[in-house]
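This report refers to the structure that appears directly beneath it.
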Amino acid sequence: MRPMRAGAGAAGESCKDDGVRPDDVSRLTADAVVRRVALLAVHTSPLAQPGTGDAGGMNVYVLQSALHLAKRGIEVEIFTRATASADPPVVRVAPGVLVRNVVAGPFEGLDKYDLPTQLCAFAAGVLRAEAAHEPGHYDIVHSHYWLSGQVGWLARDRWAVPLVHTAHTLAAVKNAALANGDAPEPPLRTVGEQQVVDEADRLIVNTDDEAKQLISIHRADPARIDVVHPGVDLEVFRPGDRQQARTALGLRPEEKVVAFVGRIQPLKAPDIVLRAVAKLPGVRIIVAGGPSGSGLASPDGLAQLADELGIAERVTFLPPQSRTDLARVFHAVDLVAIPSYSESFGLVAVEAQACGTPVVAAAVGGLPVAVRDGVSGTLVSGHDVDQWAAAIDGLLRSNAGAQGALMSRAAAEHAATFSWENTTDALLASYRRAIGDFTAGRRRKVRDPVAARKPRRWTARRGVGA
């Protein structure tokens, strides 16, 4: 069975012979009103700078989706773990958007893999905040990443509202594509992800490929999956003046420049870009990002590699960039390279293309959706350095003249299909479907006391997909 796309009508065969007809569910979905949403992002704050620590595309997704939901008149509260004593309990980001910094465990010294021990404390903080409101304050809970999902289904049960979950990444997928030096995801995460998949009322994924992974690995119900592409801020990321951007970054007008943007860790494979560029005389590379995850073990490792390759004078290291500064980097370079071993979508690829900059990307995960091979960039199968050097060289050569202008225009046009407005439409469709299904489910329980006593999906299952 194919997963349902957000916006497609269909409510499942389970409504037959239980007192609630499919037409009833469709009507409940159409009538569903989303007024207030609780977003859960335990392990990383939407206010953190992408490219540092665990902050990346998910942070952008959570913040931008909240801002755009608020523009539709929906109140959004984002719950994240406080990581410093100076973090205020509540931050009003914009009209209709609050970030609640929940104290759960020590502020420092914990990484993502320590956080399962603090989920009870985090859940208590979330429930305590909700208790200050009138009953029924939130209409829906949307959890991001498996840690948040663990809190999400507890909140769902307490508040009697549906849970929508976005995994962003899956342990089994990451473990199947480990880079040298990367630590595998622990079994605890695999078990936790299975629990959340079983408990969530709806599952939102970035691509059809991710939906297939959820179905094959975690036996997710295809009828509960909605495909929602992330968006890009087309006001910030849009074509700009290359020479002006190069002047600001101290780059020569005529030189060929490649950029790597992201967290510096084995999973993102920045070393592949350096090794490939080392084979291309005269090509400069900009690396924008900070060490993260396994990369923290050797924070200067990439600079040392540049020295070993003899290209240190051709490499410019920049700290993680603000959105406006990142757009300037994209304007300045000839192409952006994304050689990740695993990538659920690849938001950087879309942001670069929105600026009219073509992309060379690994043909993994969601990148074949984010990049149109041969139109807005080039996809590379595998991580062979010679193949990457050839792909980068080929795109640099084709960028010259009229062909380059055509690809730049095609890149911007492709990226424009990933607007946050489209993403918000799809999110709301998924939310309404979740509310409709959830309401119908509660009516079934009222009409069928035996069904109300049936075990939870998770407790009824045997084994965990891996």
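In case you wondered, yes, glycine gets a Cβ from its N, Cα and C as well.
Looking up the ranges 194-214, 236-256, 446-466 in Swiss-Prot, the one annotated as region 'Disordered' turns out to be 446-466.
Together with Phe330, His331, Val333, Swiss-Prot lists one candidate of Thr357, Thr378, Thr417 for binding Mg(2+), that being Thr357. For the ranges 1-22, 287-308, the feature annotated in Swiss-Prot as region 'Disordered' maps to 1-22.
Of Gln49, His331, Val333, Glu351, all annotated as binding-site residues, the residue with the shortest Cα distance to Asn59 (1D-myo-inositol 3-phosphate binding site) is Gln49. Val333 (Mg(2+) binding site) falls within neither a helix nor a strand when secondary structure is assigned with DSSP, and so counts as coil. Lys268 (UDP-N-acetyl-alpha-D-glucosamine binding site) falls within a helical segment according to DSSP. Rounded to the nearest whole angstrom, the C-alpha distance between Thr357 (Mg(2+) binding site) and Lys268 (UDP-N-acetyl-alpha-D-glucosamine binding site) is 20. Taking the centroid of the Cβ atoms of Phe330, His331, Val333, Thr357 as the Mg(2+) site, the other same-chain residues with Cβ within 8 Å of it are Arg242, Ala245, Ala259, Ala327, Arg328, Val329, Ala332, Asp334, Val336, Ala352, Cys355, Gly356. In the three-state DSSP scheme, Tyr145 (1D-myo-inositol 3-phosphate binding site) falls into the coil class. The local packing around Phe330 (Mg(2+) binding site), expressed as other Cβ atoms within 10 Å of its Cβ over all shown chains, amounts to 28. Ranking the binding-site residues Gln49, Pro50, Lys268, Glu343 by Cα distance from Gly57 (1D-myo-inositol 3-phosphate binding site) puts Pro50 first.
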